Amino acid sequence: MEVDDDNSPSTSAAVPDGETTVPTANSTPVQPPAVPPAVVPPTIAPLPAVVPPIAPIPAVRPPVFKPPVPQNGEVKAVDSDSDHEDDGRATAGEYEISEESRLVRERQEKAMQELLMKRRAAALAVPTNDMAVRTRLRRLGEPITLFGEREMERRERLRMIMAKLDSEGQLEKLMKAHEEEEAAISAKAEDIEEDIEYPFYTEGPKELLDARIDIAKYSIVKAAARLQHARRKRDDPDEDMDAEIDWALRQAGNLVLDCSEIGDDRPLSGCSFSRDGKLLATCSLSGVAKLWSMPRVSKVSALKGHTERATDVTFSPVHDLLATASADRTAKLWSSDGSLLKTFGGHLDRLARIAFHPSGKYLGTTSFDKTWRLWDIDTGMELLLQEGHSRSVYGIAFHQDGSLVASCGLDALARVWDLRTGRSILALEGHVKPVLGASFSPNGYHLATGGEDNTCRIWDLRKKKSLYIIPAHSNLISQVKFEPQEGYYLVTSSYDMTAKVWSGRDFKPVKSLPGHEAKVTASDISADGRYIVTVSHDRTIKLWTPGNVEQENDMDWTEG
């Protein structure tokens with residue numbers, strides 16, 4: 001019995017839990033035989049029935065979405081084939097797009113790209129109007145102008161700024177500026193429609209309109225005569241232009257000092273020949289203008305009336321009248337016998353140069369108040385107050401036809417104005433210092449200017465540019481004058497105490513006129529081109545004539 005007790009635990013231990021032992025026929029308990037290994041499989045056979053519940057687990061898991069292209073081009077390993085199949089099904093269901101949807105999306109993207117390209121092209125278009133260029137620069141936060149910058153340079157700077165922003169990917173900034181400009185333009189257009197429309201010009205008096213009409217009629221006749229004269233000289237086989245110019249230049253090359261006379265107690269500031277060459281007028285810093293008989297330079301009369309120094313004097317081209325300008329802010333009209341006829345007052349600062357219109361009906365004056373003015377000789381009325389220079393206006397000259405007038409000043413600029421319309425038709429930039437003198441050539445298309453940069457520039461009005469730059473003097477040029485008949489030569493006066501004559505054909509030097517002991521302030525040429533007069537701060541009047549003038553006069557008298 002002890003043996004049974006000892007072996008029962010081992011027997012019970014050999015039987016798996018939940019199993020029953022089979023009783024034997026012999027009631028005597030007998031130790032059961034050892035269970036061979038072959039009997040074990042039947043007891044574990046039901047195990048696979050427990051495993052299948054594991055299979056549905058992947059369906060319970062949330063689907064894992066994988067990117068279409070694995071990182072670094074490697075395929076991520078999966079735990080089992082079933083996992084791989086399940087993930088593939090989920091991915092295909094998530095990214096599957098119908099053909100129709102794909103086409104719609106492509107059309108939308110294409111339309112969006114075209115819209116962006118149009119907006120980009122509009123934003124990158126550089127405006128051509130200078131005000132629009134300034135507005136665009138202001139919208140982009142850039143300076144609207146730089147010192148000395150011209151319109152084309154400003155536009156090129158805007159182009160470079162826009163190209164830089166585009167290359168840096170700041171297209172939105174450009175588009176925003178473009179949209180703001182369009183909005184401002186549309187708002188301005190609406191305001192204009194609502195507001196009262198005003199004329200784009202400053203309305204002048206009726207007298208100015210009448211003067212413009214009169215000048216237009218006068219200029220048409222004069223221009224036709226000038227062109228007819230030029231055609232005749234060109235087409236006439238008997239006319240030898242080169243021979244005429246050579247003769248005139250030889251005459252100018254033979255200029256000698258014929259007379260020198262003390263003109264006043266104070267330095268002289270201006271001089272002018274009368275239309276017939278029989279009288280010479282001078283003015284000085286004493287405020288007195290004087291008349292001299294020619295050719296002996298004998299004093300005829302003194303014109304006293306200004307309270308300050310006189311700055312210029314000029315004779316009328318058609319009447320026996322002369323005008324003087326003064327630092328007392330007035331210009332005065334005198335008769336050749338010395339009587340005062342009219343006083344022109346209105347300038348706010350001292351006057352500089354004055355000039356008569358070729359018709360003799362109008363007088364132009366320049367002033368340090370940055371304006372030049374046009375006056376009616378008959379009524380004394382101020383017809384035109386013209387602004388346009390940023391600094392004082394100094395020189396003035398009328399075209400021989402009477403249609404144009406040139407003004408120059410301390411802003412280093414010369415402007416050409418159309419008297420028939422009142423517009424500034426040319427702005428001649430080139431001098432680097434104040435421009436003090438201007439003169440139109442009788443040929444109608446050359447303009448000479450001289451200034452403090454010691455140079456004389458010849459401008460072609462047809463080409464709108466400078467043809468010649470003459471390094472004329474070693475000091476500033478105070479005045480320039482073309483020979484009044486044909487423009488065969490040009491005279492410049494300078495503060496280097498000399499006057500010089502230059503060829504009107506190629507603008508080469510012809511003659512230097514030394515002799516003054518101080519700066520030469522003005523010069524003039526007689527209507528027949530035979531005399532040249534210069535005045536200076538040395539208070540002297542010097543008359544220059546060709547060496548053979550007296551012989552020619554004798555020959556003319558003999559032939560007569």
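Every residue gets a Cβ built from N, Cα and C, even glycine.
Unlike curated records, TrEMBL annotations are generated automatically.
Residues or ranges marked as compositional bias 'Pro residues' by TrEMBL: 30-70. According to TrEMBL, the compositional bias 'Basic and acidic residues' annotation covers 76-89. The annotation domain 'Pre-mRNA processing factor 4 (PRP4)-like' is assigned in TrEMBL to 128-181. Here TrEMBL flags 1-95 as region 'Disordered'. If you look up TrEMBL, you'll see 303-335, 344-385, 386-427, 428-469, 470-512, 513-544 marked as repeat 'WD'.
Across all of the domain 'Pre-mRNA processing factor 4 (PRP4)-like' (128-181), the predicted model scores a mean pLDDT of 81. Sequence-distant contacts of the repeat 'WD' (386-427) (same chain, at least 6 residues past either end, Cβ-Cβ under 8 Å): 201, 204, 212, 215-216, 218-219, 222-223, 226, 349, 352-359, 364-374, 433-440, 442, 444, 447, 449, 451, 459, 461, 464, 479.
Long-range Cβ contacts of the repeat 'WD' (344-385) within its own chain (Cβ-Cβ under 8 Å, at least 6 residues beyond either end) map to 204-205, 207-208, 211, 214-215, 218, 222, 270, 308, 311-319, 321, 323-333, 391-402, 405, 407, 409, 419, 422, 437. Residues of the same chain lying 6 or more positions beyond the ends of the repeat 'WD' (470-512) and with a Cβ under 8 Å from any Cβ of it are 244-245, 248-249, 252-253, 255, 395, 433, 436-443, 446, 448-458, 518-525, 527-529, 532, 534, 536, 544. Look at the domain 'Pre-mRNA processing factor 4 (PRP4)-like' (128-181): DSSP puts its residues at 38 helix, 0 strand, 16 coil.
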